[in-house]
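Noted in TrEMBL for the protein shown:
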TRANSMEM  48-70  transmembrane segment
TRANSMEM  77-98  transmembrane segment
TRANSMEM  162-180  transmembrane segment
TRANSMEM  201-226  transmembrane segment
TRANSMEM  232-249  transmembrane segment
TRANSMEM  261-277  transmembrane segment
TRANSMEM  283-305  transmembrane segment
TRANSMEM  317-338  transmembrane segment
Amino acid sequence: MSPRAAPPRFGRLQLALAAAGTAAATLDLCMDGWVAAQYARRGHPGWAALSLSLLAAASAAAQACSWLWLRSDPPALRPAVPVALLAALHFLQLGFFFRCLHALKVGWRVCWAKAKEEDEQRHMAFLSHDISMLRLFETFLENTPQLTLLLYIILRTNKAELSQGLGMGTAFLCVSWSLLDYHQSLRSFLQDKYELSRGSSVIYFLWNLFLICPRILVVALFALLWPYGVAVHFPLVWLAMFLWVSLQGTDFMESPGAEQLYRAVVAVILYFSWFNVAQGRTLYRSIIYHGFILVDSTLLALAWLWGRAPSEEHSYLLPVVAASLPCYLLGLGLRVAYYKWLHPNVQVQQEGRCDEVDAGGRSDGVEFHSFLEPDLVNRRMQWLAQTHFALSQPERQQFLNGAAAGESAV
């Protein structure tokens, strides 16, 4: 295995997957509307309103991020459409779908056009990463809360239709997949970074799945006995995560107001799953985060055990709750195993090189480049690179010098 000397190839398979992802996002939106309509038709307007509220809030946040990113992007990377049209599309909550269609158009040129193929590959890498990150945001802002609501409704009614069971299982897989897809996209975005092997990808996917499932379960169980308690618990934990992210000094967006939006979105993600937002070693921050979530989830589970009636019909959940702690610990164990034996660093260090993503240590002697030319580098890409890839001081300075020159050019 060797580091890539060119942008990752975008072929017909990747184009088909991108088209499938766009179709899946459209289907997911239609299904959310259909589910909300079913709630209202069956006499549960509160559930319908909550489902639509989650959908609207997630869409508004994702569209705002997408619009702010487009405004900060270099002109060479912006779609060749009037700014007023882009603003209108985002106002109508269609900005993400426009990004997907634009990426498919560029991907089509990459697959079949011969002129400037390498430039198009770089452009496609940029577009794919933004779409992956927006999809991650929307997943945790909408799909994960919707999944918690669906599990709560199943437990509340004590029955599950086949469509609900399949939808819930699919949603768990999609949430974990969005994390893996984002991580892979971030690694492929930079040269001299080793891609995840199939085995590494499987373990990365499983550890996130095993960590997220118990979290969603205990939140749903807590809501089962104290529905309004979640309305207190979520804002308190979200506020703690927001302050924690703020203390880490993120500098991701172009303006202070936009930065607060980014921190608010990340705080929602952290309510359910780990997400790195700061430079340097992540070991101690990860220990603090997982320790907090483990204690918080345990308290939620104990509250449910304490509040449930002895003869309650949900007694079948006792072994499920008992298995949630081993499940979470298994997820932590898989994460440790990944960084110890399956992380690309293992292969890199065997060749006398070092490559760090979301882990401690420095990467001495690695030539660092973005796939995009210096005049196509923007501040958001700088932050992503510095946050997720631990660089030595000379490498970081080399990158920043090139980026600064690019920003002055645009």
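Cβ from N, Cα, C; glycine included.
For the transmembrane segment (232-249), the partner stretch with the highest count of Cβ pairs under 8 angstroms, out of 201-226, 261-277, 283-305, is 261-277.
Here the transmembrane segment (261-277) does not touch the transmembrane segment (317-338). Their Cβ atoms form fewer than 3 pairs under 8 Å, with each pair 6 or more residues apart. When each of 48-70, 201-226, 317-338 is checked for Cβ pairs under 8 Å to the transmembrane segment (283-305), 201-226 comes out on top. Cβ atoms under 8 Å from those of the transmembrane segment (48-70) belong to residues 29, 32-33, 35-37, 39-40, 78-79, 86-87, 90-91, 93, 95-96, 99, 130, 134, 137-138, 141-142, 145-146, 149, 253-255, 258, 261-262, 264-265, 380 of the same chain, restricted to positions at least 6 beyond its ends.
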